[in-house]
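Take a look at the structure below.
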Amino acid sequence: MARPKIALIGAGQIGGTLAHLAAMKELGDVVLFDISEGTPQGKALDIAESGPVEGFDAVLKGTNDYADIAGADVCIVTAGVPRKPGMSRDDLLGINLKVMKSVGEGIKAHAPNAFVICITNPLDAMVWALQKFSGLPAEKVVGMAGVLDAGRFRHFLSLEFGVSMRDVSAFVLGGHGDTMVPLARYSTVAGIPLPDLVKMGWTTQDKLDAIVQRTRDGGAEIVGLLKTGSAFYAPASSAIEMAEAYLKDQKRVLPCAAFVKGAYGLDGLYVGVPTVIGANGIEKVIDIKLDKDEQAMFDKSVDAVKGLVEACKGIDNSLA
Ligand code: LMR
């Protein structure tokens, strides 16, 4: 059986990390694409040369030609620019929308059967635009955000409780922006919901509120530290988890920016929700029941995403 083909669009920090992870996990052969000449070729060769040391079998190719992604099973899109300290993800909308147009057209022409995972910001609006530009089925085009945001939430919770992150589960809903909704009621330590842990005296509501806020600000915290770019290790790991769920038909329950129509009272919008990912892409959107406060936070987040989608339509008439 032929090995799966994984196309990585964008050979920056995340693209290079994705290529290394995909090869180390032997998820398939990797094509690393970028418009910058030499960068994808250099990174692909460098990673391939780590193969004999690490002991993985994967063919890596760097390219500036979209034709080389032909027949890809998975495309992970990181192309575009990251934010700088002081910027919000939304400030990238105009510049990254143009990038999504050429990427979407490249995928449409060469890899129309791929499962497409978008990482470019502002995430929810960019994945919406990428689906429109590529014309691929909505269940095959998704955004990587929830796994990353939930991963950050889990990390901070494991530090607070002094327990292994393996025993911490967390859910984050909504857009991947300042209005994201970390859901304490559906997040647990060893199956015990966070509000119950407050009642048991294991932590305080104030500490929990601070962790929720730190999760919301997780991307900006890294941008502030790095100064010249944004997070790349955790975003790459998160996208690889989604790619693996698709390639191995794992039916993983993962939060991601999926196209939601019907569930959550939405009429067709990309926003972060828990989903089941398997061989058909997004196989199910899990419609969690929200209480009044959670619903209000989710609605605010949805409104923010809708505003960005409208802004995209205002910039590019073909999206209107
Ligand atoms: C993240 O959350 O790390 C990414 O969305 C990058 C960013 O600008 O915060």
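From the backbone N, Cα and C atoms, a Cβ is placed for every residue, glycine too.
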Per TrEMBL, member of Asn121, Asn280, Asn317 binding substrate alongside Arg83, Arg89, Arg152: Asn121
What mean pLDDT score does the domain 'Lactate/malate dehydrogenase C-terminal' (148-307) have in the model? 97
Ile14 (NAD(+) binding site) to Arg83 (substrate binding site) - Cα separation in whole Å: 14
Using a 10 Å cut-off on Cβ-Cβ distances across all protein chains shown, tell me which of the recorded positions (Arg83, Arg89, Arg152, His176) has the largest neighbour count. His176
Listed in sequence order, the residues of the same chain lying six or more positions from Ile119 (NAD(+) binding site) whose CB sits under 8 Å from its CB are Ile14, Ile76, Val77, Thr78, Gly143, Met144, Pro235, Ala239
